[in-house]
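What TrEMBL records for 84, 103, 105 is Mg(2+) 1 binding site. Marked as Mg(2+) 2 binding site by TrEMBL: 103, 106, 270. If you look up TrEMBL, you'll see 106, 107, 108, 109, 198, 264 marked as substrate binding site. The domain 'Fructose-1-6-bisphosphatase class I N-terminal' annotation in TrEMBL covers 15-183. Residues or ranges marked as domain 'Fructose-1-6-bisphosphatase class 1 C-terminal' in TrEMBL: 188-321.
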Ligand code: F6P
Ligand code: MN
C-alpha cells in the first residue's frame, strides 16, 4: 500500500504544502493515541471553561487544540491559524505561505461515550504581503482552499484528504505510524436512500426543510415513492465520512430554536473543508440557497446552514428551497 507523500507529490502537490499536511498529521497521530487511550489517559470529561461560542470545552478539545496549535506554530509552515477553540486567529511565521483553520476535535460530546470524533482542517494561501496578525486574511471563500481534510478517530484512524484532485482515503497503520492509501478516489453515489438530520429540531425548521423531510418520512406511501433510512452520529466528521463512503444526504439546516444562533456549523473549519471533500467526490454542498464554497466569510466563527452529499438527493432537497 502506498504512503501519503509519494501519492501527493505525484499529483503535483508542492513540497511546502506536503510538509504542512504532514505537520497536521503528526498532531493528529498524537490525538488519535490520546483518544484511543480513553479513560486511561485521564482526559475524558469537561473543563470548567467555555469557548467563545458559549460551548463547554471538553478536556480533549483543549488538548487537541494545544497539540495542533503548538506543532503548527513551531513548524514555521503557517502564517496564522484559526481554531474553533481560539477566540481569535493566532499569528505564526510572517513569511509562511499558508493559513490553516481547524476544528481540533469535532463531535467532542462523543468522547465520553467512546464514539466517533475527528479533526477537520482547511488550508488556504495567505494574501501576498498580508500581516500574519490580521484576522481578515481568513476572509476568503472556500473555493480558495488549496487542501482540506479530516482525520476520523474511529475503530481505525482514517484521513480523508483533497488537494483539489479528487478525494482520497488513507488509513493510519498504527504499527508503523504511516497513513496508507486505502481508497484512491472516493465517489459519492448520486442517488441515495439515506439521510442524516437531528429530527429533535423539526418544529424549529423552516417550511422548506419541514416539507422535504416529511416527504422522506412518508416513504413509499408519499411523493418520493421510496423508503428512506436515517442515521445521526452527532459528529459531522462521522456523518460526512459515511456520506463519502456510501452516499447519503447530511444536513444541519437553519432553525429558530435559538434566535441568536440560526445555524450551527461553522463555515471556515467545518462547512468549507467538508464541502471541498464532498465536491471533489462528485457531491454537492449548499446552504439551501447558495454553494457553500462561494460564501464570502465575514467572521472567523461564522455559522452556516449545510446540506451536502449525494448529487441527485441534494438537488431534490434544494428544489424545496426554491
Ligand atoms: O461541531 C458541531 C457538531 O458537534 C457537529 O459535529 C455535529 O454534526 C453537530 O454539532 C451535532 O449537533 P446536535 O448536538 O444538535 O446533534
Ligand atoms: Mn465541530
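Glycine is treated like the rest: Cβ placed from N, Cα and C.
No curator has checked TrEMBL annotations; they are predicted automatically.
Among the binding-site residues 107, 108, 109, 198, 264, not one has its Cα within 10 Å of the Cα of residue 84 (Mg(2+) 1 binding site). Rounded to a whole value, the Cα-Cα separation of residue 107 (substrate binding site) and residue 270 (Mg(2+) 2 binding site) is 11 Å. Following the DSSP three-state reduction, the secondary structure of residue 106 (Mg(2+) 2 binding site) is strand.
Cβ neighbour count for residue 270 (Mg(2+) 2 binding site) (all protein chains, 10 Å cutoff from its Cβ): 26. Cα proximity to residue 103 (Mg(2+) 1 binding site) (within 10 Å) is found for the following binding-site residues from 109, 198, 264, 270: 270. In the three-state DSSP reading, residue 84 (Mg(2+) 1 binding site) counts as coil. Here the CA atom of residue 270 (Mg(2+) 2 binding site) lies 16 Å from the CA atom of residue 109 (substrate binding site). Of all the binding-site residues in the record (198, 264, 270), the one with the smallest CA separation from residue 105 (Mg(2+) 1 binding site) is 270.
Close contacts with ligand 1, defined as a Cβ under 6 Å from any of its atoms, occur at none of the binding-site residues 84, 105, 108. For ligand 2, the binding-site residues lying close by, meaning a CB under 6 A from one of its atoms, are 103; the full candidate list was 103, 105, 108, 109, 198, 264. Here the Cα atom of residue 198 (substrate binding site) is found 16 Å from that of residue 106 (Mg(2+) 2 binding site). Residue 198 (substrate binding site) falls outside any helix or strand according to DSSP and counts as coil.
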